[in-house]
């Protein structure tokens with residue numbers, strides 16, 4: 001009988017409500033000082049990931065417009081499609097702690113290397129991104145359009161909804 005993955009011992013997550021200064025604006029390819037804390041927080045979140053099937057733990061961290069630090073980690077399942085990406089957990093934490101918009105974001109793999117979100121998660125982040133959104137990528141810092149060019153969003157549904165007498169959030 002093959003070894004079954006062991007459920008990790010649950011550690012209590014700390015709620016991050018500390019106010020943080022905004023991320024410094026710097027040229028593409030340079031790490032602004034405000035991202036150092038996000039990289040560290042993403043690494044902490046990654047260490048809580050449950051990834052027994054892929055062996056690819058991911059941690060994500062974001063700073064909201066109002067200065068809250070939020071994090072998330074991936075959680076896999078034997079039924080692969082049921083797993084959650086770190087970005088999904090992060091957005092859940094965003095809503096749980098008061099909602100708002102994400103001003104800065106990054107995610108890391110098990111080696112602590114900065115990685116890009118998958119396409120599905122880029123779309124998810126698009127829904128909650130502030131106008132000033134920045135993401136730290138392996139190639140440097142970019143904005144929303146650099147992360148998800150020609151993104152689909154609520155504005156694309158507005159015309160469709162107006163025709164049906166509905167309003168778009």
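Heads up, the Cβ atoms here are built off N, Cα and C, so glycines get one too.
All annotation found in TrEMBL is predicted automatically rather than curated by experts.
Per TrEMBL, active site, proton donor is recorded for 87. The substrate binding site annotation in TrEMBL covers 74, 75, 76, 77, 78, 79, 80. Under the heading Zn(2+) binding site, TrEMBL lists 85, 118, 121. Sequence annotations record features per position, and here TrEMBL assigns compositional bias 'Polar residues' to 1-20. According to TrEMBL, the domain 'CMP/dCMP-type deaminase' annotation covers 33-155. Annotation comment: TrEMBL describes 1-35 as region 'Disordered'.
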Response to the item:
For residue 85 (Zn(2+) binding site), the close binding-site residues (Cα within 10 Å) drawn from 77, 78, 79 turn out to be none
Discussion item. Applying a 10 Å Cβ distance cut-off over all chains shown, what neighbour count does residue 75 (substrate binding site) have?
Written reply: 17
Worksheet entry | Other same-chain residues whose Cβ falls within 8 Å of the Cβ centroid of 85, 118, 121, the recorded Zn(2+) site, in sequence order | 86, 87, 88, 117, 119, 120, 122, 124
Practice prompt. Could you please provide the mean pLDDT value for the domain 'CMP/dCMP-type deaminase' (33-155)?
Written response: 96
Fill in: Least buried by Cβ count (within 10 Å) of the recorded positions 76, 87
76
Worksheet item: In sequence order, what residues of the same chain, 6+ apart, have a Cβ less than 8 Å from the Cβ of residue 74 (substrate binding site)?
Response: 49, 50, 51, 56, 57, 58, 83, 84, 85, 86, 89
Discussion item. When DSSP is mapped onto helix/strand/coil, what comes out for residue 75 (substrate binding site)?
Written reply: strand
Worksheet entry | Sparsest-packed among the binding-site residues, when each Cβ's other Cβ atoms within 10 Å are tallied, from 78, 85, 118, 121 | 78
Practice prompt. Could you measure between residue 121 (Zn(2+) binding site) and residue 87 (active site, proton donor) for me? Cα positions, answer in whole angstrom.
Written response: 6
Worksheet item: Per DSSP, to which secondary structure element type does the residue listed as 'active site, proton donor' belong, with helix, strand and coil as the options?
Response: helix
Worksheet entry | Same-chain residues at least 6 apart in sequence whose Cβ lies under 8 Å from residue 80 (substrate binding site) | 53
Worksheet item: Under DSSP, is residue 118 (Zn(2+) binding site) helix, strand or coil?
Response: coil
Item to complete: Work through the recorded positions one by one (75, 76, 77, 78, 87) and name whichever has its CA nearest to the CA of residue 118 (Zn(2+) binding site).
Response: 87
